[in-house]
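Encoded as structure tokens, the structure appears first; notes follow it.
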Amino acid sequence: MATPSLDSARAADAAIEKAPDLLPEALPGRRPSLVGLTRDALKAQLIGMGVPERESRMRAGQVWHWVNFRGASDFAEMTNVGKALKAQLAEHFTLERPEVASRQVSRDGTRKWLLRMAPTNRQEHNRGAEIECVYIPGPDRGTLCVSSQVGCTLTCSFCHTGTQRLVRNLSAAEIVQQLVTARDELGDWPGQMPSRDAGGSGEVGRLVTNIVFMGMGEPLYNLDAVVDAVGVMSDQEGLGLSRRRITVSTSGVVPQIPRLGEQANAMLAISLHAVRDDLRDELVPLNRKYPIAELLAACRAYPGLSNARRITFEYVMLKGVNDSDADARELVRLLKGIPAKINLIPFNPWPGSRYECSDWDRIERFSEIVFNAGYASPVRTPRGRDILAACGQLKSETEKLRARARLMQEEGIGVESFYAGADD
């Protein structure tokens, strides 16, 4: 396999260093949404609106219940809130969710939503940034894969999202709104009729039982928002998910790993994908900054690590690249002493990717070596491949359209009609 050029390596390193603190700001004159706010932020908004501070905790608790437990989409639904206060709330705020710009359902039942966030500046032609969110139904759980950034800086060579430039971080509210929108789409609120064929099963009848931060972006480059979002999602008087059912996946931003454990108390997943630094430098350029030894040292010190709170190591199976018996044995050696599970991920192809998925018998042999060494080594069943919703395939539809338009321009093909029909 070709080694990346010096220029591309430098570009990747520059992208890693960037990690910009880009957060959305509401357009002037636009009423903010209360959906997804933390308790403290909600209380502050009500006080700012004029609710007396001595009443603010009670009023915030009422609104919290309707927004995060009942899934209210209109202030009129809040039956235990006085008429005057409801009118005041409606004057100052909304209960808007992101716009669902498109819906796709895979043959296997996986659902992918393209979500358009509220516009944050006029340079975006009044179209908010777009992210993808995926729901994966299973026999004993329903997993929602959420995004933490619009695009990504990391340029991992096997990942489609890495080909989309970073636009900005998502706010904590925008991360939570992905769960709220999924529950809207699935009919997953108390008293609602679940969407037909939504699949899933689990505690208190919820369709969405698990959250994985494995969508667009590197969560630990937006850790403040991720910590707040986990807090809102796991509040037992609201959205009610267990923190043990919330997993945050990182490519290895080593300095932030302890804080994730201390403040979010979420389960940790590591996108490892290689057992040698030279190969991981190519697959996951962040490795040049935080090599494997440093990453695994941080894993061994992860707060709360135990056999009951294992770290998941994700390992994408690339034909002829990282799938040999020797790779499997070295993986076992590296992880010695870390309570861990190794998820083997068949590579999911995407347009323009230069890798192939390992043959199935090679994946099974790799799994057998790891399993015989005492580690659970499930092979992740590819879900949603036909709608580009599988691991490593996410990239917002608008970005795909722009890329296609650039190609058309380079080839001398007019793009005016192309963009005109993009929203049809």
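Backbone N, Cα and C atoms are what each Cβ position is placed from, and that goes for glycine too.
As annotated by Swiss-Prot, active site, proton acceptor applies to Glu132. The feature active site, S-methylcysteine intermediate is assigned by Swiss-Prot to Cys391, with sequence analysis given as support. Residues or ranges marked as [4Fe-4S] cluster binding site in Swiss-Prot (evidence: sequence analysis): Cys152, Cys156, Cys159. Under the heading S-adenosyl-L-methionine binding site, Swiss-Prot lists Gly217, Glu218, Ser249, Ser271, Leu272, His273, Asn348, citing sequence analysis as support. According to Swiss-Prot, the feature disulfide bond maps to Cys145-Cys391, an assignment based on sequence analysis. Per Swiss-Prot, domain 'Radical SAM core' is recorded for 138-388, and the stated evidence type is sequence analysis.
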Same chain, |i - j| six or more, Cβ under 8 Å of His273 (S-adenosyl-L-methionine binding site); the result in sequence order is Phe158, Arg280, Leu283, Val284, Glu314, Tyr315, Val316, Leu318, Asn322
Checking the recorded positions Glu132, Cys145, Cys156, Cys159 against Glu218 (S-adenosyl-L-methionine binding site) with a 10 Å Cα-Cα cut-off, in sequence order, leaves none
Candidates Glu132, Gly217, Ser249, Ser271, Asn348 (recorded positions) passing the 10 Å Cα cutoff around Cys159 ([4Fe-4S] cluster binding site) are Asn348
Cβ neighbour count (10 Å, all chains) around Cys156 ([4Fe-4S] cluster binding site) is 24
Within 10 A of the CB of Glu218 (S-adenosyl-L-methionine binding site), the number of other CB atoms across every chain shown is 28
By Cα geometry, the one of the recorded positions (Glu132, Cys152, Gly217, Leu272) nearest Cys145 (disulfide bond) is Glu132
Among the recorded positions listed as Glu132, Cys152, Cys156, the Cα nearest the Cα of Gly217 (S-adenosyl-L-methionine binding site) belongs to Cys152
Same-chain residues at least 6 apart in sequence with Cβ under 8 Å of the Cβ of Ser271 (S-adenosyl-L-methionine binding site), in sequence order, are Cys156, Ser249, Thr250, Ser251, Gly252, Val284, Glu314
In the domain 'Radical SAM core' (138-388), averaged pLDDT is 91
As a whole number of Å, the Cα atom of Cys152 ([4Fe-4S] cluster binding site) is distant from the Cα atom of Glu132 (active site, proton acceptor) by 13
